[in-house]
Structure formats: C-alpha cells, structure tokens
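**Student:** What follows is a structure written as structure tokens; I'll ask about it next.
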C-alpha cells in the first residue's frame, strides 16, 4: 500500500490493511467496493445444494435478504459491475411467491408488512435503475412493485387508531397490535416512488394519506426538524409513541418526500424533505454515520446492524432528486465512506467490515449488515455521477399493471373480484377502500 499524507487522508483517501479507498479515483473505489461486495456475498447460501435461492445464511431473515439484494443493485449501478447480476435476477424472481407479490408460501405465516416492503423497495430500485428486465414470461419489476403496494394498501386498518398498517399481517404473530413506522413509512415510500415512476396521481394521494396519519399519531414530528419514531400500539388507541429513532425510518420518510418533491415541485414536500434532513443530524457525529439508538451501548441486534445501509441508500437518492440537499448529504456520505473503509480491515481476509466507524480499525464486529452498510455508504458517494432514478418518461422501460396483487389471496383482509380489464393504475385499490375512482380512471395503465 502506498503512503499518504495526513491531509490527503482527511480529504479523500484512506489506506488500511486489506482495503484502500480514494474517493477521487473511481478505479480505487471500484476495487475497494469489489472486496466489500465479495464479503457480503460470502453470506449468500442460495447457490448451495438444498438451500433456497435468494436467501442468506442464518441468522439473517427473509426481509434482510431483500435489503441485501437492493444493496447489490446499488453496487451494480454505481460501480458498473455486473458480476452478481445473474444472482440478483434469480433471487428477485425466485422469492416472488405464487401470486407474484412477495408473499411466498415459506414466509406467509411469519411475514410482516415491513418484510414484504423491503422486497418491494428492491424491485422498485430495479425498475428505476434500468436493471435488465426479466424474461417476457416473468413478472416485470414495476409489476412486482405495484403488487407489493396494492397488497399492503389492502391491509390499511381504519378500524383502529383511524388508520395505519399493523406491523404484522396475521393475528397470531407477535406485534400484530403494533403499528410501526417502518411498515407505514415503507408504504409511503413505495407510493412516492410509484407516483414519480408512473405519473399516477392516485399514488400521490396514497402517500399523502399515509403521511397525514403518521403525523396525526405523532410518529413524525411537525416542524423544521422532523424526527421519526418507532411505532404506536392499538391497545391505547395509538396515543403512546415508542420514541426510538432508527436510521432506516428517517431515511424512508426523507427520500419518500424527496421523490414527491421531484415529481410535484410542491413547496410542501420540499419543506418536508429539508425538515427530515435537518433531523437526520442526530445520526452523525463529526459527519460519520452511526446507529444512535443502539451503537453507543453496543446493543444493536442482527437487524439493526443493517439499518445504516438503507439510510445511506436513501441519502443518495435524496441528493439525486433535491439539489439543495447535496452539499450536506455528500459531506456525510464521503466522510462516512472513508470512516467505513477503515473499519473494513478485519477478519482473516483483511477486509471484513465492522459496525463502529469512529475507530481507525476494525472493531471485531462482522456480519451481513456490516458489509451492507459499508458497501452502500461507499457506492452512494457516486450518487451524483450517474443518471438519477429513471421513470416512465425519461427512459424507464419496466412494465406493470395497476391491478397487480389484487387477486384473491389469503393474506388480504378481504377477497377482491376484479376483472382483467380493470386496469386503471393504483386508483383501483384506492377505489376499493373508499377513495374516489373518478380521477384515477384518467391515468394510463402501467
């Protein structure tokens, strides 16, 4: 490894055992992230005999697999490296389930709304980044995203707390009485991205509906600093807020608002984007990203150790979509990427990544979440150097169906009977649960 001066190390380069990263040198970034991506894929077991395509080794749950494939999509796009594209394609298609809505039978009794959502976010990402389309006889990326959105929207529960999604789909699962932010924030987030991709106003209406409910029950603050909290219980009519703050929840609301501003040009969504960005400062110390709720006391569980990955991804997309956020976000991403690179100096391979990026070396922590977080923060330093998310009017070529996911299904709260010709975008779902169909009928079918 070459020696570097203190000044250059502070600005753009870090050199450590096993991993060298120079943010001013794209080849250096490609080489460094290739090592991190390889370490991430070390946890993938779907190619092994008797294992399930798309799944990672224990103890990593199904939802985190969806998050990991989203991470690998970012790696492909920003690093222009298609090494793992066949695995990404196979995983995203294998886990769709019989109804192509990411409720596969092997997960259907334990799956929560948030679990399903992270696969929906991954396929939305595939559509927006123009990842190679599936074969013609397979569901397309936009279709799969719409199916996830529609099945989640059907579970909107107006009978308790005036609305909102429950955490769990089935009554027998722990957490059924909890309406958590990640489920509702993900519904908002997916609606916002579908709105921008399709131009369909009914998705905007849905995003506004979810946002207003979350604000009404105080899951999100209203002001110039909009902090995002964990959830509420229906047992006290959603009056007591669990005030844990997680990076991925903040990111869902931040980037969802950015998508809506980019689509609508609305001052309201511009203001909200900046308010969520202001509140995001709680997750940085000297511009280095950390999971504030658990990292200090060293109590982060397996899931929580991956949250920074999604937040870094959502920061990158926000910077792409809202120019005024770029200076702050890129300062955070660049500083955090260099810090993360220092942590990727552990293990027998010399480039296993850790959890704590404040150190100048590996902290002894390792796992899928650590690799994901380091990879996402590194590749998103390039967020402004590639084309922003595509949509149906600027080069996006994924096809869908506004009625996707509305086939009668045991996970839906009520069976639906919709003919094949009923394809008026997301307005179908809006109409089913009481929103006007008049405006929705004017939109194109995707």
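Every residue, even glycine, has its Cβ placed from backbone N, Cα and C.
Straight from Swiss-Prot, here's the annotation block:
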- 1-18: signal peptide (SIGNAL)
- 31: N-linked glycosylation site (CARBOHYD)
- 81: N-linked glycosylation site (CARBOHYD)
- 106: N-linked glycosylation site (CARBOHYD)
- 200: N-linked glycosylation site (CARBOHYD)
- 222: N-linked glycosylation site (CARBOHYD)
- 237: N-linked glycosylation site (CARBOHYD)
- 262: N-linked glycosylation site (CARBOHYD)
- 278: N-linked glycosylation site (CARBOHYD)
- 285: N-linked glycosylation site (CARBOHYD)
- 334: N-linked glycosylation site (CARBOHYD)
- 389-408: region 'Disordered' (REGION)
- 391: N-linked glycosylation site (CARBOHYD)
- 397: N-linked glycosylation site (CARBOHYD)
- 422: GPI-anchor amidated serine (LIPID)
**Student:** Find, among the glycosylation sites listed as 106, 262, 285, 334, 391, the one whose Cβ has the highest number of other Cβ atoms within 10 Å in the structure shown.
**Tutor:** 262
**Student:** With every protein chain in view, how many other Cβ atoms are within 10 Å of the Cβ of residue 81 (N-linked glycosylation site)?
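**Tutor:** Excluding its own Cβ, the number within 10 Å is 16.
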**Student:** Taking Cα atoms as reference points, which of the glycosylation sites 31, 222, 237, 262, 397 is nearest to residue 285 (N-linked glycosylation site)?
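**Tutor:** Nearest by Cα distance to residue 285 (N-linked glycosylation site): 222.
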**Student:** Rounded to the nearest Å, what's the C-alpha distance separating residue 262 (N-linked glycosylation site) and residue 237 (N-linked glycosylation site)? Just drop the number here, would you?
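**Tutor:** Spelling it out, the Cα of residue 262 (N-linked glycosylation site) and the Cα of residue 237 (N-linked glycosylation site) are 35 Å apart.
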**Student:** Non-local Cβ contacts of residue 278 (N-linked glycosylation site) (under 8 Å, 6 or more apart, same chain)?
**Tutor:** 224, 225, 226
**Student:** List, in sequence order, the same-chain residues at least six positions removed whose CB sits under 8 Å from that of residue 237 (N-linked glycosylation site)?
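**Tutor:** Within the chain, residue 237 (N-linked glycosylation site) has Cβ neighbours under 8 Å at 160, 161.
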**Student:** Determine the Cβ neighbour count for residue 200 (N-linked glycosylation site): the number of other Cβ atoms within 10 Å of its Cβ.
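**Tutor:** There are 28 of them.
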**Student:** Let me know the DSSP-derived helix, strand or coil state of residue 285 (N-linked glycosylation site), please.
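**Tutor:** DSSP assigns residue 285 (N-linked glycosylation site) to strand.
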**Student:** What whole-number Å value do you get for the CA-CA distance of residue 106 (N-linked glycosylation site) and residue 397 (N-linked glycosylation site)?
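**Tutor:** Computed Cα spacing between residue 106 (N-linked glycosylation site) and residue 397 (N-linked glycosylation site) is 31 Å.
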**Student:** Out of 81, 222, 334, 391, 397, the glycosylation sites in the record, which is closest to residue 200 (N-linked glycosylation site) when you go by Cα distance?
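**Tutor:** Going through 81, 222, 334, 391, 397 one by one, the Cα closest to that of residue 200 (N-linked glycosylation site) is 391.
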**Student:** For the glycosylation sites listed here, 31, 222, 397, which shows the highest count of neighbouring CB atoms within 10 A?
**Tutor:** 31
**Student:** Of the residues in the region 'Disordered' (389-408), how many are helix, strand and coil by DSSP?
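**Tutor:** Looking at the region 'Disordered' (389-408) with DSSP, the answer is 0 helix, 0 strand, 20 coil.
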**Student:** How long is the line from the C-alpha of residue 391 (N-linked glycosylation site) to the C-alpha of residue 31 (N-linked glycosylation site), rounded to the nearest angstrom?
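**Tutor:** Distance (Cα to Cα, whole Å): 30 Å.
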**Student:** Out of 81, 222, 397, point to the one nearest residue 31 (N-linked glycosylation site) in space (Cα versus Cα); all of them are glycosylation sites in the record.
**Tutor:** 81
**Student:** Within 10 Å of residue 81 (N-linked glycosylation site) (Cα to Cα), which of the glycosylation sites 222, 334, 397 do you find?
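**Tutor:** Cα filter at 10 Å returns nothing.
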